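Quick look at what Swiss-Prot lists:
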CARBOHYD  Asn62  N-linked glycosylation site
CARBOHYD  Asn116  N-linked glycosylation site
CARBOHYD  Asn247  N-linked glycosylation site
CARBOHYD  Asn279  N-linked glycosylation site
CARBOHYD  Asn410  N-linked glycosylation site
CARBOHYD  Asn434  N-linked glycosylation site
CARBOHYD  Asn469  N-linked glycosylation site
CARBOHYD  Asn576  N-linked glycosylation site
CARBOHYD  Asn727  N-linked glycosylation site
CARBOHYD  Asn750  N-linked glycosylation site
REGION    135-159  region 'Disordered'
REGION    212-273  region 'Interaction with gL'
SIGNAL    1-18  signal peptide
TOPO_DOM  19-769  topological domain 'Virion surface'
TOPO_DOM  791-813  topological domain 'Intravirion'
TRANSMEM  770-790  transmembrane segment
Amino acid sequence: MGLPGSIVFLIMIHAFCAKKTPTNTLPSLLSLLGITDLPSLRLNILSLDGSANNQGSWVRDNTTFVYIGASSPANGVLFYMPTSHVQQMTFYKRPVSKLLASNNLIKFLNTGSYINHSFMTAMPPYRRNVQIPSDRSGLKLDDKDDAQPTGTNPPTELKNLKPIDVVNPEHRFILTSELTGTYVKHVCFVDPMDMLIPVDYAHIRTIIFGSDGAEVIMKIGITFASITISMKSAPPVELILSERARNISLIWPALKPYEPVDKFTRRPYLIYLLGPHMNASDMEIKSYINMIESVEESSNYDFQIAQTHAQLFIFAATPISDINDIYCFRVVTTRLFMSLVASVRNAFQSGYISFDEIIKTEANIKMITETLSTFALHSNPGTYFLLSGMHLRNENADIIKSLIRKTIINASKNTASLSILQHLYVLRSAYAFNISQESGNLGEHVSSISLELIIALHEESVRDTIAWNTSARHALYYAFASIFQRPPNEWDASRTARKALLFASSMCTEEHIVATELVIQEMYIKINVKNSPVHILDVYTPCVTALRMDISEHHHRLYAMSDVILHPVIEKYLENDSRGIDAEEELETKAELVITKLKTPLMRRLTIYASEVVTCSDADILEATALLVLPISGLGSYVVTRQLGIRGIVYNVDGVDVNNQLYITYVRLPCTTTAGNIVPMVLPRPLGSDCPYCGCVLLRYSTNGNLRHTIYISSQDLQRELIAGGNSSIRYFNPTIAQIYGTSLLLYPNGTIVRILAFESERVTIISATYVATATAGASIAISIAIITVRMIINNFRYNYHRYKKLSLYDDL
């Protein structure tokens, strides 16, 4: 179909703001759009008359505005076309974006002069009589003073950085000009909701992320920014920040100014909100107000990113429901958006940005968006995507990546020289810039550094010497994340990931679960009572990574409640809450929700790294009853369940409550089912340097069917502790100090399971000398009384016997 001569080609998006003269010499419309298949969607748009005489006007007599958003040679092109021709066209293709731009165009293009259609929000003026925090008075996330440039350490160019700066990024500062170069890139903002006239602005970066349940587009500039949030379960909403000198106008009705939420705000920019207005629910209105509040509270990066983590934590602690998910998703994404706006704004105001903030910003974007897509809006985590344009020029981003690569290569040669904090900096940088996914052996180097840190922290955890502080938790998260970030088809990547999962399960002991739940409760109180700055990784636990699914079983809750007296913050909170036990139950529920939501779904993790379990299992039984999965070797895994249904070597665990049965199945292709026998034995001592128990797992369970711990024996040092018995310095291996009676099994990598008799025969009770003396004295008194009593009985018997004899003689007479 040829393009009629009366059709006017309006302009390319990048040229629109430059006011170029339109031309009418165009090729065939179909060839221009690159359309070969007939689309299933036909535009049926009625005549739309306009009265504007200006040739550059958006509305002309008997013409229709058309924006091509699909992937084609005409992508990003605006057209004016005669309405009569538009009515006959079938070329319009649904865009790849999930933001429903095509539906918006078709459904709301011909709204005429009616302003109250469902994509325009006439919010009442929003005013608050509260004190707004100063832009430069951000919350400090630690006890250290904020580092500032000095005369001897001024802001510099990226090319002057050295690899050592990667492990100490807090005291290096980058010139703002490194973000944009000599000239700031000017582009046109084309509204994804097709409601606003394109706006020219100085562009810094674009971020697009989402899943099958939602999509978010963020566009960040110096004096302009926008976020568009679209969900499968809710209408889209858009927030725009613009400098006061710029007018935002609607496409329909023609060039009508769009009113900001509050013209009288004290901020240097105006706030615009587009979203459903008519018949909006209370949740919708509440989310709008919260989005606006997040803009007006502060322009400080530290404040906004702390609020982002706080809201993400609250989201994780909130019971799952469509209403809660929609509201919380909007709140968290808006806070993340505002942290990016604040970072750019502060950098251009001060003329510099810290190297640490550049890296933390990229890491936060990845971690927060991926975490959201793990549990929000019933999304499939496998559909998560992130398209993040750096706020650095490409060549400058390459400089940073080159520094990180050099640091990683050097660190992989001598990981012992790195402290926990330095491990955190290196692994966070690798995670933020996707170094694990690069070609060559960089992924292997990152995995090596990560695994060495995990092994070191595992050793401390088993020996009860680990300090679960902020640095350790954050570093451990990035260590696991960097390993799983590596493509699983790379050499040794899957084996390393399976081993990492074993270490995670080994650190996720019963005591650690209880301690973590109490830490989460304390954070919830800090956020809701004190509004303290937090980071979601402050409560990270290996249990989030481990393939252990019994976190929410009731016995963990009981143990946590009994330990509340050791946590004054929780105890004081409960004392001031009139609900009593209900308040304590609520805190426990929130703690369990946080751990459960932050975990990667079981089937996704198994599909990637333990596919033999998925192949040999009934998916419903696996998801419903699996307590633990241990990928103990490169080919086989142990699965602990409450029901039968997994194909492999099946072990029926004896000595547990019949109502809480345990089954252990060793799974390996080709999924042949046989019955296994758990053999009781005394572990023989290995000779010389042999390590027959390396790679085994010590699994301990109680008589009521609860799993206590699964300790991975990863080295000869741990093997020596295991066979030391009562002389072992590790309490998990020492039968004389093992808490709570139970049974210990040793799981071998080849599928063999034995019961360790040492934990059943050596139950020694430690008794104080005072108790022994008291018991001895008491026993002596009891024996004396018994002797006296027996003698009295004997004497009484003799007396009665003699009387009987006398009576007998008397009768004979």
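Residue positions begin at 1 at the first shown residue.
Cβ atoms are placed via backbone N, Cα and C, with glycine included.
On the structure: features taken from Swiss-Prot.
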residue	record	DSSP class
Asn247	N-linked glycosylation site	coil
Asn410	N-linked glycosylation site	helix
Asn434	N-linked glycosylation site	coil
Asn469	N-linked glycosylation site	coil
Asn576	N-linked glycosylation site	coil
Asn727	N-linked glycosylation site	helix
Asn750	N-linked glycosylation site	coil
Rounded Cα separation (Å) that holds between Asn727 (N-linked glycosylation site) and Asn576 (N-linked glycosylation site): 47
Rounded Cα-Cα span from Asn410 (N-linked glycosylation site) to Asn434 (N-linked glycosylation site), Å: 18
Candidates Asn247, Asn576, Asn750 (glycosylation sites) - the one closest to Asn410 (N-linked glycosylation site) by CA: Asn750
Site of maximum Cβ density within 10 Å, from glycosylation sites Asn469, Asn727, Asn750: Asn750
Nearest recorded site to Asn576 (N-linked glycosylation site) by CA-CA distance, among glycosylation sites Asn247, Asn469, Asn750: Asn469
Glycosylation sites compared (Asn247, Asn434, Asn576) - highest count of Cβ atoms within 10 Å: Asn434
Other C-beta atoms that fall within 10 angstroms of the C-beta of Asn410 (N-linked glycosylation site): 16
Rounded to the nearest Å - Cα separation of Asn750 (N-linked glycosylation site) and Asn469 (N-linked glycosylation site): 37
